[in-house]
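Novice: According to Swiss-Prot:
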type	residues	note
BINDING	Arg23, Glu80, Lys120, Lys454	(6S)-5-formyl-5,6,7,8-tetrahydrofolate binding site
BINDING	226-231, 245-251, 270-273, 335-338, 358-360	GTP binding site
BINDING	Asn226, Thr245, Ile247, Thr250	K(+) binding site
BINDING	Ser230, Thr251	Mg(2+) binding site
DOMAIN	216-377	domain 'TrmE-type G'
Amino acid sequence: MSHNDTIVAQATPPGRGGVGILRISGLKARDVAQEVLGKLPKPRYADYLPFKDVDGSALDQGIALWFPGPNSFTGEDVLELQGHGGPVILDLLLKRILTLPGVRIARPGEFSERAFLNDKLDLAQAEAIADLIDASSEQAARSALNSLQGAFSARVNHLVEALTHLRIYVEAAIDFPDEEIDFLSDGKIEAQLNGVIADLDAVRTEARQGSLLREGMKVVIAGRPNAGKSSLLNALAGREAAIVTDIAGTTRDVLREHIHIDGMPLHIIDTAGLRDANDEVERIGIERAWQEIEQADRVLFMVDGTTTDAVDPADIWPDFIARLPKNLPITVVRNKADITGETLGISEVNGHSLVRLSARTGEGVDVLRNNLKQSMGFETNMEGGFLARRRHLQALAEAANHLEQGKAQLLGAWAGELLAEELRLAQQSLSEITGEFTSDDLLGRIFSSFCIGK
């Protein structure tokens, strides 16, 4: 579809509401105003007017806002009609607007896409609009707003600018070898490169925090039947999300709860008790449990403290540990401390966290909450933080890899040309975040996930 078309869409959620908003953007927005309102409202002033049908009768009445381009969200002429939020009224008004030539329904995210294409937003800011709408916590919303206001983009642009200056110095020295500049050995380039690498590492750390806020962490509770997995799910969720009985195999399917710990979203998954089951339904539940374990960010290995004194996971259940994906983090949870009399708290055993608690009474659960937060490197106080997506983390990682490769070329092979190429590739990876070097296919995938009226 052409970006020269005029587009229209409902900007408020579907259904009944006090106010319903239609947004129009493009060259024909002026014609829509003349036809529907009978006049062109004063720019950026609210005008209370009837919204007219083809025959001149009123369909509704409400507020009209006129934003002539380029001083608008999309950079084009934009008209907003704010009427009553009844679906029938909005549908009649939308059909009236679509009778005008050159006007069509907007695709999902097309308003934000046009803002990006018209340099009103960079790509990271455009993505932040969707993240702000989808934010599941106050901290996620604040970080998304920071991204929308350019906090993330500013950090990326600072890195790109630093790389630009470094490339200029390196490539000038390559192009003018007769000048008395021994750029490979004077230490200046290495110092500047180390500075950029350090700055990039800091941005990556903040981006991982932002990704946690946006994506959350998937935590799977796994263990033998009757270890207290469902009781722990209920304790973490703060409600009776799962049925708890003394009958082994009560949980036969996957149960999911979405919770927050100091603003960090967690996807907690309770699974069927792992054992050799004869029941077909229970076997299916166990298969699903292993599927969830293989996709987890962390496993809470639930142990009934009344059945064993062992604390090393390899001693508790070696077959279970052997089947876990390599490098999957584990927190061993020794449950039923209210019965065993074990001291509540946390310790380290062979590189694994060990938490002693009682899921039934809730004692020690706060220790586990803090362990989950710290295990992901999450910090509660993130003033000025920003949200990040997986593609951002990937681009930052690629840039870091190119800088390390460039440093190796500088110090190991004294290869200035190869260093310059690695710097260029690092710069390109960073520019993909803000959209300076981004394929049309990626843009389509990003904006198609937006709301229709955004």
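Note: Cβ is positioned from N, Cα and C throughout, glycine not excepted.
Fair warning: this is a prediction, and the values are worked out from it, not measured in the lab.
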Novice: In the three-state scheme derived from DSSP, which category covers Arg23 ((6S)-5-formyl-5,6,7,8-tetrahydrofolate binding site)?
Specialist: strand
Novice: Roughly how many Å separate the Cα of Lys120 ((6S)-5-formyl-5,6,7,8-tetrahydrofolate binding site) from that of Ala272 (GTP binding site), to the nearest whole number?
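Specialist: Distance between the two Cα atoms comes out at 50 Å.
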Novice: Taking just the CA atoms, what is the gap between Lys229 (GTP binding site) and Arg23 ((6S)-5-formyl-5,6,7,8-tetrahydrofolate binding site) in Å?
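Specialist: Spelling it out, the Cα of Lys229 (GTP binding site) and the Cα of Arg23 ((6S)-5-formyl-5,6,7,8-tetrahydrofolate binding site) are 49 Å apart.
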Novice: Tell me which of the binding-site residues Asn226, Ser230, Ala272, Lys336, Ser358 ends up closest to Glu80 ((6S)-5-formyl-5,6,7,8-tetrahydrofolate binding site) in space, Cα to Cα.
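Specialist: That would be Ser230, nearest by Cα distance.
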Novice: Compute the C-alpha separation of Ser230 (Mg(2+) binding site) from Ala272 (GTP binding site), stating it in Å without decimals.
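Specialist: Rounded to the nearest whole number, the Cα-Cα distance is 9 Å.
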Novice: If you compare CA-to-CA distances from Arg23 ((6S)-5-formyl-5,6,7,8-tetrahydrofolate binding site) to each of the binding-site residues Asn226, Ala272, Lys336, Ser358, which comes out shortest?
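Specialist: Considering only the listed binding-site residues, the nearest one is Ala272.
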Novice: Let me know how many other Cβ atoms fall within 10 Å of the Cβ of Lys120 ((6S)-5-formyl-5,6,7,8-tetrahydrofolate binding site).
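Specialist: Looking across every protein chain shown, the total is 19.
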Novice: Write out the long-range same-chain contacts of Lys336 (GTP binding site), meaning residues 6 or more apart in sequence whose Cβ is under 8 Å from its Cβ.
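Specialist: Listed in sequence order: Gly228, Asp304, Gly305, Thr306, Ser358, Ala359, Arg360.
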Novice: Quick check: in three-state DSSP terms, what is Glu80 ((6S)-5-formyl-5,6,7,8-tetrahydrofolate binding site)?
Specialist: strand
Novice: Given the binding-site residues Arg23, Lys229, which one is most crowded in terms of C-beta atoms within 10 angstroms?
Specialist: Lys229
Novice: Taking the Cβ of Ser358 (GTP binding site) as centre, how many other Cβ atoms lie within 10 Å?
Specialist: 23
